[in-house]
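> One structure, pasted below without further comment.
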Protein chains: 2
Amino acid sequence: MIKVGVVGYGTIGKRIADAVALQDDMRVVGVVKMTPDYEAKIAAARGFPVYTAADRVEKFKKAGIEVAGTVEDLVKASDVVVDASPEDVGRENKEKYYRQLDKRYIFQGGEEADVAEVSFNALANYDEARGKRYIRVVSCNTTGITRVLSALLLNGIGIRKARIFIARRGADPKEHKKGPINDVVPNPTAVPSHHGPDVQTVLKDVDIVTMAVAVPVTIMHMHMAYIELDGPRSRDEVLEAFAKTPRIFLADVGSGFQSLAQFIEYARDLGRPRGDFPEVAVFRDSVTVRGDELYLMYGVHQESIVVPENVDAIRAALGVLPKWQSIEKTDKSLKLFTEGKRYA
Amino acid sequence: MIKVGVVGYGTIGKRIADAVALQDDMRVVGVVKMTPDYEAKIAAARGFPVYTAADRVEKFKKAGIEVAGTVEDLVKASDVVVDASPEDVGRENKEKYYRQLDKRYIFQGGEEADVAEVSFNALANYDEARGKRYIRVVSCNTTGITRVLSALLLNGIGIRKARIFIARRGADPKEHKKGPINDVVPNPTAVPSHHGPDVQTVLKDVDIVTMAVAVPVTIMHMHMAYIELDGPRSRDEVLEAFAKTPRIFLADVGSGFQSLAQFIEYARDLGRPRGDFPEVAVFRDSVTVRGDELYLMYGVHQESIVVPENVDAIRAALGVLPKWQSIEKTDKSLKLFTEGKRYA
């Protein structure tokens, strides 16, 4: 059993902890929380030992939450530490807690790429991460793009250039202080947005440029993609590549998938935890091929898309399972859509 | 004085009536309203004679609004009728009221292109519309795209292909029944959206494909544009083309233009009527040239961008002024930004 510590139990960290708990080759040895809020209480209620910084122990005790130890204690108790702290705090933690102990460490896409030895997406470069001490799982939008491009590349469809246009959700559902409201905000105004270069940390040879705006939505990101392929292709060929590739869901307008909200409603109806949708949600009706040009729209669930990637990154870090075995194991344990998917 | 009747006094019609009233070569002879609501009262208060359908006269009288006559009466009294009715009603009006009388008629982009002899954008094809009986001013998004592409073409910068990705405002500010709320809706899911073919009604030789999604915003549309030019160009060359072209506004993040909302706030601070922004609002910081690739983001104010185009269409229909003289006259009368613009 791989002993996993989760540092940072917020939007991403709590989902990773739950996903790790579902694996039969892993166990959550504890989670680090800095504030004794309702999330901390849920962690305790789920049976995850709660750790915190040394100077916060008293606060937690006052709030009636039992503390299992300090961050240092959790790192010591772990084989792999998944850091899901807020942006840039992962890097601070690395200096403060991680360098000293010979464990494996996984960071999130909020950190700069150079926090780790390798940036990671399971479909794109699982093997490159095998045995690495520091791994960074790329961010939600980058993960979405990387899966779509990987689906093409893994099925022999070359990419001459990818130009992706992103309508980002402005905030997560619980982020009550962020905007915009009734506005569209270039995010950033400069071209390219960071997503293009970030995709190149895992798919090094792809010519990609991205632009992004933020919109008053908390539900999902929306991508509009324009991809020049290596030559004229058929729409069926492209659809088959998506259909066969794990972690990609093809949705039909005729079945009710007319907007991003439908994916989340579907996840809620399915009883998925928190109404999460970790697959890239492709609108099949939008998939259009004009000679060598491919167009499509897809949704990216910012809260959950990186969760299966983190589970795989843990196995890659320790080199305990080959790529496709890990991906399949993760998908089955998380009850992702596996029908028709090729794990090889 | 050109006698102008405005049929349909809603979001677009009321703005056209006000813009016509500001011209020294035109006069509003009346407006048609179908409901005796606050907009009808404002029309009357501004001194515009109010006309309605024959079977609605009583309703208006009951609401205390004086009726000058029926739709037929207004058409008879006009040299040019601008139809700003809801989608498809313009075509009905054509069959019911317009065919019989030898006037000039201007429709809006909500109608299909074949309602008219020519689709119209002042920069792109003013001369093509000269003397035509039926003219259609293309819709807001199409007008925005057409101005941006025309700025390039008019300044000798060729376009190999244009791929435009649109985050549409979901509704106008007053439309309380439309969505989405907290959702992003492919609009349509199929590629291309109607905007690409619609641009080709005025710029016939441009290779253009568009994709659009609707977002929970009422303020403006946002476009992300990817344009392949006829060869490598410099950023300065492109910026100069935009700077010189009428009805395009270049905005700097450093001056506070960080989102669409800033354009409307600027218009409000300037005292522009209704806080309108009829220019295409280009984020200068987004204008990026990579070899022969041009990227930019711009805002399109859906309520007002077609207003100056309608004023010019009136003059084109009657052939009373050459293209650039009409554009300049319109821009000055509406107090658009004319500094540095080349009207030739």
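Glycine residues also receive a Cβ, built from the backbone N, Cα and C atoms like all the rest.
Sharing the record's features from Swiss-Prot:
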type	residues	note
BINDING	A:Thr11, A:Ile12, A:Gly110, A:Arg169, A:Gln302	NAD(+) binding site
BINDING	A:Ser139, A:Cys140, A:Asn141, A:His195, A:Gly196	D-glyceraldehyde 3-phosphate binding site
ACT_SITE	A:Cys140	active site, nucleophile
> Note the Cβ centroid of A:Ser139, A:Cys140, A:Asn141, A:His195, A:Gly196, the recorded D-glyceraldehyde 3-phosphate site, then list each other residue of that chain whose Cβ lies within 8 Å of it, in sequence.
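Those within range, site residues removed, are A:Gly109, A:Val138, A:Thr142, A:Thr143, A:Gly144, A:Ile145, A:Ile166, A:Ser193, A:His194, A:Asp198, A:Val199, A:Thr210, A:Ala212.
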> Of the binding-site residues listed here (A:Thr11, A:Ile12, A:Arg169), which is spatially closest to A:Ser139 (D-glyceraldehyde 3-phosphate binding site) when Cα positions are compared?
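Nearest candidate: A:Ile12.
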> Within 10 Å of the Cβ of A:Ile12 (NAD(+) binding site), how many other Cβ atoms are there?
29
> Taking the Cα atoms as reference points, how far is A:Gly196 (D-glyceraldehyde 3-phosphate binding site) from A:Ile12 (NAD(+) binding site) in Å?
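Spelling it out, the Cα of A:Gly196 (D-glyceraldehyde 3-phosphate binding site) and the Cα of A:Ile12 (NAD(+) binding site) are 22 Å apart.
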> According to DSSP, folded down to helix, strand and coil, what is A:Arg169 (NAD(+) binding site)?
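Reduced to three states, the DSSP call for A:Arg169 (NAD(+) binding site) is strand.
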> Given the NAD(+) site residues A:Thr11, A:Ile12, A:Gly110, A:Arg169, A:Gln302, which other residues of that chain have a Cβ within 8 Å of the mean position of their Cβ atoms, reported in sequence order?
A:Ser139, A:Cys140, A:Asp172, A:Glu303
> Going by a 10 angstroms cut-off between Cβ atoms, which of the binding-site residues A:Asn141, A:Gln302 has the sparsest surroundings?
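Checked A:Asn141, A:Gln302; of these binding-site residues, fewest Cβ neighbours within 10 Å: A:Gln302.
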> Just checking: which of A:Thr11, A:Arg169, A:Gln302 have a Cα that is within 10 Å of the Cα of A:Cys140 (D-glyceraldehyde 3-phosphate binding site), counting only these binding-site residues?
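Near A:Cys140 (D-glyceraldehyde 3-phosphate binding site) by Cα: A:Gln302.
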> Quick check on the binding-site residues: of A:Thr11, A:Ser139, whose CB has the lowest count of neighbouring CB atoms inside 10 Å?
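A:Thr11, out of the binding-site residues A:Thr11, A:Ser139, has the fewest neighbouring Cβ atoms within 10 Å.
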> Quick check: in three-state DSSP terms, what is A:Gly110 (NAD(+) binding site)?
coil
> Please list residues from the chain of A:Arg169 (NAD(+) binding site) whose Cβ is under 8 angstroms from its Cβ, counting only those at least six apart in sequence.
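Listed in sequence order, they are A:Ala214, A:Val215, A:Val217, A:Thr218, A:Ile219, A:Met220, A:His221, A:Gln302.
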> When a 10 Å sphere is centred on the Cβ of A:His195 (D-glyceraldehyde 3-phosphate binding site), how many other Cβ atoms does it contain?
26
> With an 8 Å cut-off on Cβ-Cβ distance and a minimum sequence separation of at least 6, pull the same-chain contacts of A:Gly110 (NAD(+) binding site), or say none.
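Result: A:Pro86, A:Glu87, A:Asp88, A:Gly90, A:Ser139.
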> Please find, for A:Thr11, A:Ile12, A:Gly110, A:Arg169, A:Gln302 as listed binding NAD(+), the greatest distance between any two Cα atoms, in Å.
16
